[in-house]
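Only one structure is covered here, and it is reproduced in the block below.
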Amino acid sequence: MESMPVAPSTDPRVARLIDANLDRAREGLRVIEDWCRFGLDRQDLVVPLKDWRQQLGQLHHDRYRQARSTATDSAAGLGHPAQDTRTDSVAIVKANASRVQEALRVIEEFARNGDAVLARTAAAVRYALYDHEVRILEACGHSRRKQQLEDARLCLITDPGADDGCERLVQRVEAALQSGVSLVQYRRKHGSDGLRLQEAQQLAQLCHEHNALFIVNDRIDLALLVNADGVHLGQEDLPYREARRLLGSAKLIGRSTHKLAQLHEAQEQGADYVGVGPVFATATKADRHPAGLSWVKEACEAARIPWFAIGGITATTLPRVREAGAQRVAVVSAIMASEDPASASRQLLDLLT
């Protein structure tokens, strides 16, 4: 890369300041880089960070290092209470991105007249990091959601009837969430888009208050409007690539599968999870012939991503589904049609542990 001798500075304090901020910027980049490498397993996010760190390292000339004097730094060891509030990876990434951006701005200002190459490099890296931070945070959001998905054992799918109002739906979902359900898929086949939007908004807020995932069935527009955690698509819905382009990289995409070829296709395309079914006959999919427990056994052997057995599963039939290899199930009527959705949820969760 381009480099040049650094002209002597009449003020050694500037060299010391630049040294401190080069250390700050490179250390912050390394923190973010290591999370992208080990936490997100995203080489595409690691490469630019490593390159920027190397660029700054090559411009960290001896004259700056020789001006270092931590023993006389009046602010050495000075902390701030906000540092103790970084309790998760996202907070750490944000804090270190800000740290790098601030350090680069300081370098840019003070190096402009004495080290033009360093000043230009600092400015270029700073602007590039603004956009790169967004990509990293999107990846963090997807990683967090995928972990929640891995942990989920029971998915509640709503299927309110044409006469069911929003209040009753919300009450039943809330009872399930309070009982431990951690994944809700909103599906309404009857009703206006206005009603769907109203229900989806309330359910999304409710799920996020309970730290549960909220997925919208079919409707990418609704999912985006209510900031859902993702969408679930049937075999006749939008192709995965187009859905991902609309949703962005941070959201989850699930796909219904009814045979092995569809499961393989969903995995190859990048789906985050799949539904496997219908296992038994079900009123919600009356036109589809049950695939049976043999399909569950096939999925158990072939799936490399989280999958949920679905279709006619109740507390009575769940043990057979578990014996076939399913660790996760999705239900509709077993909870939504129950007189006591809270107890029904607890019973199903107990059978899944």
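Every residue gets a Cβ built from N, Cα and C, even glycine.
Here Swiss-Prot flags 1-128 as region 'Unknown'. Swiss-Prot lists 129-353 with the feature region 'Thiamine-phosphate synthase'. Taken from Swiss-Prot, the feature 4-amino-2-methyl-5-(diphosphooxymethyl)pyrimidine binding site covers Gln185, Tyr186, Arg187, Arg188, Lys189, Asn217, Ser256, Lys285. Taken from Swiss-Prot, the feature Mg(2+) binding site covers Asp218, Asp237, and the record attributes it to sequence analysis.
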Other Cβ atoms within 10 Å is the metric here; tell me which of the binding-site residues Arg187, Arg188, Lys189 scores highest.
Arg188
Cα-to-Cα gap, Asn217 (4-amino-2-methyl-5-(diphosphooxymethyl)pyrimidine binding site) vs Asp237 (Mg(2+) binding site), nearest whole Å:
10
What's the CA-CA gap between Arg188 (4-amino-2-methyl-5-(diphosphooxymethyl)pyrimidine binding site) and Asp218 (Mg(2+) binding site) in angstrom, rounded?
10
Where Gln185 (4-amino-2-methyl-5-(diphosphooxymethyl)pyrimidine binding site) and Asp218 (Mg(2+) binding site) are concerned, what is their Cα separation in Å, rounded?
10
